[in-house]
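Read the structure below first, then the notes.
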Amino acid sequence: MSNDNVSPASSQKPRAIVLLSGGLDSTTCLAWAQARYECFALSFSYGQRHSSELDAARALAKRAGVEHRIIDIDLRQLGGSALTDDSIDVPEDQSDELPGSIPVTYVPARNTIFLSYALAAAEVINASAIVIGINAVDYSGYPDCRPDYIDAFAKMAALATRAGVEGNPITIETPLLQLTKAAIIQLGLEHGVDYSQTISCYQADVNGYACGRCDSCRLRRQGFLDAGVKDPTLYQAATNQD
């Protein structure tokens with residue numbers, strides 16, 4: 001990401017780093033942020049089970065006309081999650097998880113790692129904000145998707161960066177934090193998001209077709225039902241969506 005060659009038109013807006021996975025939530029965030037900021041998209045190849053979501057992120061960033069960078073971090077070296085360790089199965093039934101437990105799809109410290117990279121990128125390009133699509137309503141029990149976590153990270157960022165020390169702390173924008181999945185979908189549609197181009201599935205195939213069985217697929221499908229909107233997700237042939 002470069003701090004050079006900024007056009008007069010783009011420089012009229014403050015800059016923001018948008019964390020873009022290629023999924024429904026982050027794509028909604030990008031559309032929301034573009035109405036407010038000059039956006040720079042940041043994605044991560046962290047050893048997740050498939051690359052289809054990253055392929056979607058590339059296409060979405062290109063379509064949005066924003067600069068996009070993919071950072072390589074191999075969290076498979078640590079494992080500890082069904083998303084980074086093939087020996088841990090992705091749950092396909094809600095009964096597979098104990099009530100009140102943190103799901104095995106939680107990637108240890110993932111949002112802290114991603115936000116730290118975004119914070120560094122924001123300092124490099126003089127961005128005033130980081131936009132992340134975490135959600136405290138349909139959040140699957142992940143500890144790093146809670147308001148308290150974001151507040152704590154923002155306080156740390158103000159102490160740990162030049163911008164913060166100089167009195168211009170980088171803000172952490174969470175526009176989806178208190179929205180249901182249905183409300184997120186409605187927000188995205190208002191901003192022109194084409195959800196058929198997004199991939200949320202934890203175990204999508206090489207063509208980007210969703211399994212329809214994982215927690216992410218269930219939340220996504222229910223969101224479209226609750227929003228009264230046709231689900232544009234492409235599902236694998238063996239998946240029964242009736």
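Glycine too: its Cβ is placed from the backbone N, Cα and C atoms.
Because the structure is a prediction, the values reported are computed rather than measured.
According to TrEMBL, Cys211, Cys214, Cys217 bind Zn(2+); the candidate from Cys145, Cys201 that the record adds to this site is Cys201. The candidate set comprises the binding-site residues Leu30, Cys214, Cys217. Of these, Leu30 has the most other Cβ atoms within 10 Å. Sorted by the number of other CB atoms within 10 A, the binding-site residues Cys201, Cys211 start with Cys211, the lowest.
Taking only the Cα positions, the spacing between Cys211 (Zn(2+) binding site) and Ser26 (ATP binding site) is 20 angstrom.
A gap of 19 Å separates the Cα atoms of Leu30 (ATP binding site) and Cys201 (Zn(2+) binding site). Of all the Cβ atoms in the protein chains shown, 32 others lie within 10 Å of the Cβ of Leu20 (ATP binding site).
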